[in-house]
Amino acid sequence: MTAETIIQSLASGLLMGLLYGLIAVGLALIFGLMDVVNFAHGEFLMIAMYATFFLFAFFALDPLLSAPLVAAALFIFGAVVYLLIVRFAVRAKANTGMVQIFSTFGLAVLMRGVAQYFFTPDYRSIPHSWLGGKTISIAGIYLPQPQLVGALIAIAAFAGLYFFIHRTDFGRALEATREDAGAVALVGIDKNKVFALGWGLGAALVGLAGAVMAIFFYVFPDVGASFATIAYVTVALGGFGSVFGAFAGGIVVGLVEAITTLILPPSLKTVGIYGVYLLVVFIRPRGLFGSI
Amino acid sequence: MDKAFIQRRRRDLVVAAFLAAIAAAVPLFVKDVYVQNIMVLTLMYAALSQSWNILSGYCGQISLGHALYFGLGAYTTAILFTKFGVLPWFGMLAGGLISALIAMALGYPCFRLGGHYFVIATIVIAEITLLLFQNWDWAGAALGIDIPVRRDSWLTFQFTRSKLPYFYFALALACVAWFVTWWLEDSKWGYWWRAVKDNPVAAESLGVDVFNSKMGAAAVSAFLVAIGGSFYAQFVSYIDPESVMGFQFSLLMALPAVLGGIGTLWGPMLGAVILIPLTELTRSYIGGSGRGVDLIVYGGLIIAISLARPQGLVSLFSRKPKPAAQPAREAVAS
């Protein structure tokens with residue numbers, strides 16, 4: 001193992017980590033807003049990947065062009081999921097925590113079933129896109145272009161999100177609602193509207209990630225499951241609800257995955273991520289950046 | 001002690017005995033192997049869910065990683081039998097004890113975690129163990145273990161010609177899991193668990209040993225689930241990591257309790273009796289071609305019941321008169 005291979009894999013780990021952060025940030029946003037974990041988050045990613053795939057298959061639209069469309073579609077989807085399911089789940093009078101977990105979990109199972117029914121369990125991929133399969137050499141390190149552009153999109157998305165939360169009225173309403181939903185209602189902000197927009201925004205972010213992922217990853221009904229576990233770990237590492245914790249958590253996860261792949265056989269690569277999760281929460285039970 | 005409460009407990013016991021007797025008689029009339037197979041699975045999941053309910057329902061520590069103990073039970077029995085010739089009955093006991101010990105060893109760091117951090121830790125630990133077993137060559141790695149079939153005998157707990165012995169064992173296991181729950185419900189532990197679930201801080205200040213309550217619940221729960229895993233290994237006589245430790249088992253243990261009523265005595269039984277036949281039937285009649293209809297039915301059902309009946313279906317049988325509606329509070333809340 002030369003220094004070059006180590007730098008090489010750390011660099012691709014970093015890129016992948018930024019993408020993991022982008023996948024996870026929607027989950028963190030929604031949790032921070034209303035203390036609900038969306039257990040269908042992986043399936044949101046899955047339908048975003050399918051949407052990207054079909055836009056390519058039917059309209060020959062490159063994933064980079066369809067990304068904004070997919071994000072917009074996911075925004076609507078997320079808001080609808082809130083209005084149809086989550087809105088009622090958080091109102092449950094008994095077993096509230098359980099109802100939240102299992103209503104979104106049921107949605108995940110349902111979406112997977114629907115995907116299998118309409119799209120068959122086949123693995124699909126986008127055979128040729130602007131970036132697919134291309135690499136770029138920077139100072140002797142080869143970086144896959146899809147991941148590189150994905151990482152740049154992730155950084156841009158995080159910057160945009162930062163601006164959005166701190167500089168816009170809606171962002172302030174979002175922050176205020178997560179601080180104290182009851183008080184927000186008193187000053188005339190419709191809590192439901194904020195929550196619906198929060199879900200829309202969270203889904204749009206994972207939609208963006210899905211469009212990028214579809215460039216270099218297979219699309220199939222269960223694709224969300226493995227990325228979802230990584231997303232939960234990412235969010236928990238950063239500390240549930242901390243949007244920028246998800247960013248940092250993603251980078252940690254990407255680097256740990258790269259290092260694990262250097263040491264252990266590829267089939268064990270997620271063991272490193274899971275192990276680091278356990279290590280972190282055993283030492284800091286609320287994650288790296290979570291408030292105690 | 002509350003008189004109505006004692007009466008209710010006595011009634012539960014009588015009803016349970018009555019239902020068990022009816023269940024035991026069913027195979028005398030139902031000879032169809034396919035249906036018997038569904039009945040065995042239903043009873044097994046009822047037992048598993050009842051055991052899961054002890055930790056996650058009564059004590060409130062939601063585990064989505066109980067497939068770990070199911071798999072450990074299955075693997076312990078299979079390894080001891082195929083490598084060392086140890087009879088499955090001892091393997092079963094060994095699997096149960098190992099699982100209970102591991103549950104406590106894992107509980108030691110995990111029970112400090114709250115809410116979602118705990119749930120994700122359970123998923124992640126089961127997943128790590130699954131990956132390790134898939135890469136453990138001595139235990140058959142991803143290919144798993146084929147349990148050699150000798151001859152039909154209670155000694156080796158193998159039956160190729162009839163499903164009935166499996167049926168009666170699964171029934172016995174479901175009865176044991178139910179009875180353990182019934183018994184613990186009115187013990188010191190039962191009260192501690194409910195206190196820990198409702199408000200751990202208040203419970204601690206009132207002298208409840210919160211940490212050890214959780215450890216106790218985890219050990220009992222893991223022990224019983226591992227017995228179920230051992231049984232399953234004998235029943236299917238071939239195991240591999242994905243088929244005994246996969247996430248779907250964690251889910252299938254939790255769902256009956258959730259649908260029937262989490263943290264209730266009858267919820268897991270009721271949930272399993274509805275859910276498992278429904279799953280098997282949709283799978284074989286509609287979803288046979290892997291088209292996902294079973295998942296659609298399943299997912300829709302989970303959403304519908306968790307939204308419409310958060311207390312679970314068992315609340316439909318509740319004789320308690322419903323508390324009067326509170327229109328004033330409703331208006332404020334919405």
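Glycine is treated like the rest: Cβ placed from N, Cα and C.
Residues annotated as transmembrane segment in TrEMBL: A:6-32, A:44-61, A:67-86, A:98-119, A:148-165, A:194-218, A:230-259, A:271-289.
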CB contact flag for the transmembrane segment (A:230-259) and the transmembrane segment (A:194-218), at least three pairs under 8 A: no
Contact yes or no, the transmembrane segment (A:194-218) and the transmembrane segment (A:98-119), 3+ Cβ pairs under 8 Å, gap 6+: no
Recorded stretch that, among A:6-32, A:67-86, A:98-119, has the most CB pairs under 8 Å to the transmembrane segment (A:148-165): A:6-32
Long-range neighbours of the transmembrane segment (A:98-119), counting only residues six or more past its ends (CB under 8 A): 36-40, 42-43, 46-47, 50, 81, 85-86, 88-90, 92, 221-222, 224-225, 228
